[in-house]
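Below is one structure, written out as structure tokens; the observations come after it.
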């Protein structure tokens, strides 16, 4: 009896074990769609970014004009540009939901998968920040100046590191050129990390909503979950196209339609909306070094989650943790909103309270799990 080529061909069988004959838990819900959607988002970003880079000019005198040229003169250039910009927003929506699902269902106990995921998050955030600088509008320039200047808070070597990063004594042409180079290369590094992320995931198998061992009853990924994931893709693409075709600049900053001017500071400097929660945490600390540490901690704190020990994987069995988790999501949304506001009352005090609560979640969550395990005994 001849075996299908997908099971014998050296290259195709790798794809087969990852996407077709992959044993998947029978009870995974729609929350497990987002990994596939992130793959779709990454594909869209690389594809649109590749074509945009053919027309973009990484020079401070020409960058803004080249983006304008792409939107006005290149065939469907406007579509490529807004797809790339809003595709980034869709990427982060899927990314944050993917992480939230991992926290809720305790997927962080898949240690290597979780750690590579945190590295991926940092890489994607770095890539998005570098891309925000490239149009060379007012917010691009001042965002780059403010955020990169935070490195000067590093004791002893901070100022030297900033000058090394800028390629001079201010954000200038050298900065733009290296940011473009890094923005071009990092998505391919992300792609390689995704392969490693999947490699570790397929060593252990996926978690499931009950958090139980599902080795006894798994089903092939295709056709069951390919159909389920394709439905998610259709919904995501539909939402993305509504955003792109009816409100393409809804999530971008009006200041970025003004060419970069080092002599005029915008009234309110802020990053893209998906970084606002971290930006609010940064601004809530009155000390520069403390703010930078809090900013880094807001993302890097995810690496401590595998240290948590609880008897059940899923938060479905921990009512107190469920309430705490949804409170944490509310805090995240409120921090995002406050990050877009001016640094004045009541936002400043609110940000400080919410920052404390944000970090308090990671202390209180394992304690509540232990308490509930004790009560249930």
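Every residue, even glycine, has its Cβ placed from backbone N, Cα and C.
Quick look at what Swiss-Prot annotates:
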- 84, 183: heme b b562 binding site (BINDING)
- 98, 197: heme b b566 binding site (BINDING)
- 202: ubiquinone binding site (BINDING)
- 34-54: transmembrane segment (TRANSMEM)
- 78-100: transmembrane segment (TRANSMEM)
- 113-133: transmembrane segment (TRANSMEM)
- 179-199: transmembrane segment (TRANSMEM)
- 225-245: transmembrane segment (TRANSMEM)
- 288-308: transmembrane segment (TRANSMEM)
- 323-343: transmembrane segment (TRANSMEM)
- 352-372: transmembrane segment (TRANSMEM)
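Annotated features taken from Swiss-Prot, shown on the structure.
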| residue | record | Cβ contacts under 8 Å, 6 or more apart |
| --- | --- | --- |
| 84 | heme b b562 binding site | 45, 48, 49, 52 |
| 98 | heme b b566 binding site | 34, 35, 38 |
| 183 | heme b b562 binding site | 127, 130, 131, 134 |
| 197 | heme b b566 binding site | 113, 116, 117, 120 |
| 202 | ubiquinone binding site | 17, 18, 22 |
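In this chain, the transmembrane segment (225-245) lies in contact with the transmembrane segment (78-100); the count of Cβ pairs under 8 Å, excluding pairs fewer than 6 apart in sequence, is at least 3. Residues of the same chain lying 6 or more positions beyond the ends of the transmembrane segment (179-199) and with a Cβ under 8 Å from any Cβ of it are 18, 39, 42, 45-46, 49, 53, 56, 58, 113, 116-117, 119-120, 123-124, 126-127, 130-131, 133-134, 144. Between the transmembrane segment (113-133) and the stretches 34-54, 225-245, 288-308, 323-343, it is 288-308 that has the most C-beta pairs under 8 angstroms. Look at residue 197 (heme b b566 binding site): DSSP puts it in a helix. Counting same-chain residues at least six beyond the ends of the transmembrane segment (323-343), those with a Cβ under 8 angstroms from any Cβ of the stretch are 96, 100, 103-104, 268, 270, 273, 275-281, 283, 315, 350-351, 354-355, 357-358, 361, 364-365, 368.
Sequence-distant neighbours of the transmembrane segment (34-54) (same chain, 6+ residues past either end, Cβ-Cβ under 8 Å): 70, 77, 80-81, 83-84, 87-88, 90-91, 94-95, 97-98, 101, 184, 187-188, 190-191, 194, 229, 232-233, 236-237.
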